[in-house]
C-alpha cells in the first residue's frame, strides 16, 4: 500500500536512550555543546563586528562562517533537547521539512564558504601585493553571497525533490534530526532515481570544491617555502593552519557519515557519526580559529 508524503503528518526521530535518566544525561550533554557553540561563535561575531582592526577579508569570512555554524547547530539541537526533556520522539511534517532544508542549506553554504576562504588565504600569501585589489570589500561580499546563494539553491532542489517522493516505509527516522539520507530510506525504492541523479551531481560539485581547496594549499605551501624569513613563514603558517584544520574536521566527519559502508551501519553508530559532523564542527571551530590567532585573542 502506497502511503503518500501528504498523508504523513509527523515523523518519529530516533530516541537517544530507553531510560529517562540517560535521556536527561543526553540533554545536559547537548546543552553543554550548544552553549559552547553559542558562546564561541557569538564572541567571534561580536568581536569581528565591533573591532575596526578586524575589518579585513579574512575576518569577514570568519564572521560569515560563525553565523553559519550557529545557524546549523540551532537547526538540530534545540528540537533534540526538547524531545529528550519531554520524553517524546515526534516532529511535525513541516518541522521535519524545515530541518532537512535548513541543515542542507547551512552545511552546503559552509562548504562553499570554506572554499572561498581557501582562495582568500591563497591570494594573501601567493599574490600578497595584489591582496587589497583582488579582495576588495565588494568582491568579498559577492563571494560570501555566492556561497550562501549556492547553499540555498542546493537546499531548495534537494528538499523539493526528497519531499515530493512517495513515502511507503513508515515514518520512523533513524536519526536525532531529519536528515536527507534517512528520509530517502523511507521512500519507495523505485521512486528516488531523480534524487540519486541530484546526489551524483552534488558529489561532483563537492569534489570540485575539494580539489580547489587542495590545489590552493599546494600553491600556498610552495609559496611559504620561498619566504626567506623564519618569522614570515611562521606568520603564514599560523593564518593557514586554523582554516586547514576546520576544513579537515568538516570533510572527515561528513565523509565518514555519508561514505561509510552499509555493513558497519547501526542506529547507535549513525547517531554518534551524525553528532560528530552536526555538533562538533560548530562548537570547535571558534576554538580552532582563536587558538593560534593573536589578533583575534587581543580583540576578544
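For all residues, glycine too, the Cβ spot is worked out from N, Cα and C.
Bear in mind that TrEMBL entries carry predicted annotations, made automatically and left uncurated.
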Of the ranges 7-26, 27-46, which one does TrEMBL flag as transmembrane segment? 27-46
Have the transmembrane segment (58-77) and the transmembrane segment (196-218) got at least three CB pairs under 8 Å, pairs 6 or more apart in sequence? no
Overall pLDDT of the domain 'G-protein coupled receptors family 1 profile' (40-289), taken as the mean: 86
